[in-house]
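> First the structure, which I've put down as structure tokens, then a few questions once you've had a look.
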Amino acid sequence: MKKRRKVTSNLDEKIHLGYHKDSSEENAAVECGQVTYTQAPERPTPEAAQRCQELPPSPDQRKLLSSLQYNKNLLKYLNDDRQKQPSFCDLLIIVEGKEFSAHKVVVAVGSSYFHACLSKNPSTDVVTLDHVTHSVFQHLLEFLYTSEFFVYKYEIPLVLEAAKFLDIIDAVKLLNNENVAAFQAELTEKSSPEETLNELTGRLSSSHQCKFCSRHFCYKKSLENHLAKTHRSLLLGKKHGLKMLERSFSTRRSKRNRKCPVKFEDTSDDEQESGDGSDNLHQESSEKERSDRNDSEDPGSEYNAEDEELEEEVSDEDSDTEQSDKDNDAEEEPEAGDSAGSIHEGLAPVIIQNSNKKILQCPKCDKTFDRIGKYESHTRVHTGEKPFECDICHQRYSTKSNLTVHRKKHSNEVEFHRKEHKCPYCNKLHASKKTLAKHVKRFHPENAQEFISIKKTKSESWKCDICKKSFTRRPHLEEHMILHSQDKPFKCTYCEEHFKSRFARLKHQEKFHLGPFPCDICGRQFNDTGNLKRHIECTHGGKRKWTCFICGKSVRERTTLKEHLRIHSGEKPHLCSICGQSFRHGSSYRLHLRVHHDDKRYECDECGKTFIRHDHLTKHKKIHSGEKAHQCEECGKCFGRRDHLTVHYKSVHLGEKVWQKYKATFHQCDVCKKIFKGKSSLEMHFRTHSGEKPYKCQICNQSFRIKKTLTKHLVIHSDARPFNCQHCNATFKRKDKLKYHIDHVHGIKSPDDSLSTSEEKLMSLPMEYSSDDKIFQAETKQYLDQPKVYQSEAKTMLQNVSAEVCVPVTLVPVQMPDTSSDLVPHTTTLPTSSHEMLPPQPQSTDYPRAADLAFLEKYTLTPQPANIVHPVRPEQMLDPREPSYLGTLLGLDSTAAVQNMCSSEHRS
């Protein structure tokens with residue numbers, strides 16, 4: 001082979017980048033499994049490459065390259081990843097307490113069950129399986145990652161059932177094919193049909209065995225049904241017995257179609273020698289079976305000697321095979337209208353063509369049938385014909401099935417059933433539930449639907465031997481039996497707690513993990529979804545069908561009406577064990593308990609105030625928003641709350657004495673016996689005795705007894721001056737300062753009124769004076785009685801004050817002569833270290849100097865003791881931290897020269 005040079009990697013780069021393929025590159029040849037290339041030409045220039053890129057690529061330039069091992073490598077990597085820590089797994093599957101790590105995308109692709117769960121809740125990280133064992137699930141998880149099963153033969157049915165439950169389609173197909181192949185191989189190994197029958201019979205439980213044919217049944221009820229329907233005649237030969245035995249392991253087949261498969265037919269020499277006799281016997285048996293089928297389908301029958309004619313009703317245990325019975329009937333019975341048979345004269349059916357099917361209608365009672373055999377059996381109800389006779393007591397019946405039931409009374413081997421089933425409408429006793437159902441449908445048709453619904457809900461097919469509770473399905477009974485054991489197989493996915501039932505686990509999760517559940521309409525929260533649903537139905541929707549017979553009020557629930565009637569009766573059954581207060585409703589009692597426990601769970605976002613109830617918070621928020629949505633139709637006045645509007649309308653416009661309906665509650669102070677209307681007012685008052693000041697300023701650490709006082713105090717630390725004077729340009733931080741300015745500077749309010757107001761406040765303030773303060777108290781009282789200029793008593797009082805105490809001063813009006821134009825000098829005996837003199841400031845031009853002096857001449861500085869509760873208004877006190885306090889108080893400009901009143905000397 002001629003050696004050729006290989007092309008460099010430029011060729012590959014050209015293919016990847018999409019270069020134009022020239023003829024020189026097509027010289028590549030495959031020789032002996034190796035790809036070789038001829039010498040490539042020189043690399044094209046950039047201009048040529050750009051022209052080639054502008055040309056549209058042709059389809060033959062593209063190549064399909066695939067890796068056969070990539071899929072397997074991907075699954076292998078994912079399988080290895082889930083078995084190591086840490087991993088990229090994002091799902092935890094818990095089966096019988098054992099945890100399996102998996103990838104969501106893998107289980108969602110392979111299982112429709114997981115796909116539905118993860119699609120519904122994409123954020124789910126934990127899934128718990130209750131109906132699958134951990135060993136079986138381990139096989140299925142291995143299959144999802146490796147597409148292979150490595151199981152024992154006996155495990156195949158269990159894995160198949162779990163695969164159907166999890167809806168793993170590929171696993172179901174694979175296991176079904178394996179199961180069928182194994183079953184066919186097992187059948188081919190058998191030498192004869194008898195061995196096959198023996199093998200299949202051995203698989204059945206040996207707990208219940210038929211004494212006639214030695215058949216085995218798993219349940220006693222199946223044996224009873226077998227005895228009642230099979231051994232009505234013992235004249236059938238070996239073939240019939242073989243056919244009846246084969247019936248026991250046929251799955252979901254019709255009870256009316258019991259043909260034996262061809263492979264199981266008995267072809268022994270004895271039957272072959274019988275010749276025509278065997279054929280006659282076979283023909284007789286076939287006719288007898290057909291007659292039995294027709295008889296069993298008769299809707300009218302008698303079940304006792306009293307000649308009560310009943311209609312047939314399919315029992316609960318036959319409900320599973322009802323559809324298959326119809327299919328088999330279509331194969332064996334002639335369709336309606338094919339043959340009239342031996343129908344009595346005058347009872348010829350009326351044929352009705354309905355949807356490509358003929359229906360037979362009885363001319364006597366207008367009942368319809370789709371099979372001629374059923375109609376023939378029905379005609380015996382009208383003719384009175386009873387062709388089936390008991391060979392023991394010669395009692396005759398119109399159908400073979402009723403004769404079979406009757407023969408159970410004469411059988412010694414079968415336990416005789418007493419008439420323990422009582423009709424709820426006529427109190428008649430019946431031997432079985434089936435005959436009772438026929439009786440109700442025949443003689444109480446108006447109550448038939450009610451009886452059937454009760455029968456389905458209270459079926460005794462599966463009954464617990466411990467508590468005698470009945471269930472309609474076997475899995476329900478099996479799950480119920482867990483309650484009588486110590487097992488707790490149901491684990492909570494959020495915690496480590498286990499439960500005996502799924503319902504108990506669900507209630508636990510709703511109460512402790514999934515709540516609270518808020519109402520979208522009113523915002524109220526509930527611990528579980530049941531209470532939320534009940535709240536929505538009762539509060540926000542539904543009809544008010546319960547009406548109070550006293551006041552006519554309508555409510556949605558009966559329990560609500562019962563609680564409403566307590567208003568008229570005065571009953572209050574809910575008693576608080578802490579304070580002894582009684583309540584009419586349980587909800588009011590539970591809300592009251594929050595008061596004792598200080599459970600204020602609803603907080604205002606604006607001011608931080610907390611409330612016990614959500615509706616209280618909603619009403620409080622209207623204070624911040626200023627919303628007044630409730631307007632009076634008479635006067636147009638608006639209110640923030642509806643109850644306030646109601647009280648206003650009744651009291652103002654209707655003239656009702658609304659407040660007389662409510663008993664006033666008063667709270668008395670235990671110390672001073674003072675009475676307050678509100679409990680909060682009493683609490684604030686009691687702080688005057690205890691000295692408690694719970695509200696502290698975070699800036700200056702000053703404490704206050706009332707929160708409102710702290711709020712006003714905080715304005716001092718800010719630069720905001722929100723209160724403006726309407727008469728001048730003066731601004732104030734507090735509203736009371738603005739009021740004082742208007743009253744005293746602009747003279748809108750007379751000094752006498754202001755003085756009287758000050759006197760009232762001074763006398764109303766609760767004060768406690770020490771022995772040192774009694775002198776000042778007497779002087780104050782004397783001044784209020786006869787306002788005049790203070791004499792030297794004030795100076796004498798000031799001499800007793802400690803030098804280390806800063807003496808507060810206040811402005812007191814005095815009588816000055818009109819001719820005097822200079823201020824009377826006053827000096828104090830305070831040390832200079834307490835307050836320093838402010839530096840001189842330029843005089844303001846907004847107010848004339850003469851006006852300033854004339855205004856100041858009306859006041860003098862009167863010192864007061866420092867260790868008393870100030871008997872004057874707070875706005876009258878000078879703040880040493882604010883040099884322009886006096887100017888602000890009088891409405892002067894901040895630049896006006898104001899001398900500090902706490903100087904080292906007080907000139908007199």
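Yeah, the Cβs are placed from backbone N, Cα and C, and that goes for glycine too.
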> Among the residue ranges 27-50, 75-98, 723-746, 843-866, I'd like the one that Swiss-Prot describes as zinc finger.
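Of 27-50, 75-98, 723-746, 843-866, Swiss-Prot gives zinc finger for 723-746.
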> In terms of Cβ proximity under 8 Å, which residues at least six beyond the ends of the zinc finger (546-568) contact it?
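Beyond its ends, the zinc finger (546-568) has Cβ neighbours at 537-539, 584-585.
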> Against the zinc finger (462-484), which of these stretches has the most C-beta pairs under 8 Å: 490-513, 630-653, 667-689?
490-513
> List, by number or range, the same-chain residues at least 6 past the zinc finger (490-513) whose CB is under 8 A from its CB atoms?
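Same-chain contacts beyond the ends: 94, 97, 126-128, 130, 479, 482-483, 527-530.
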> Let's see if you can do this one: DSSP helix, strand and coil counts over the domain 'BTB' (89-153), in that order.
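Grouping H, G, I as helix and E, B as strand yields 30 helix, 14 strand, 21 coil.
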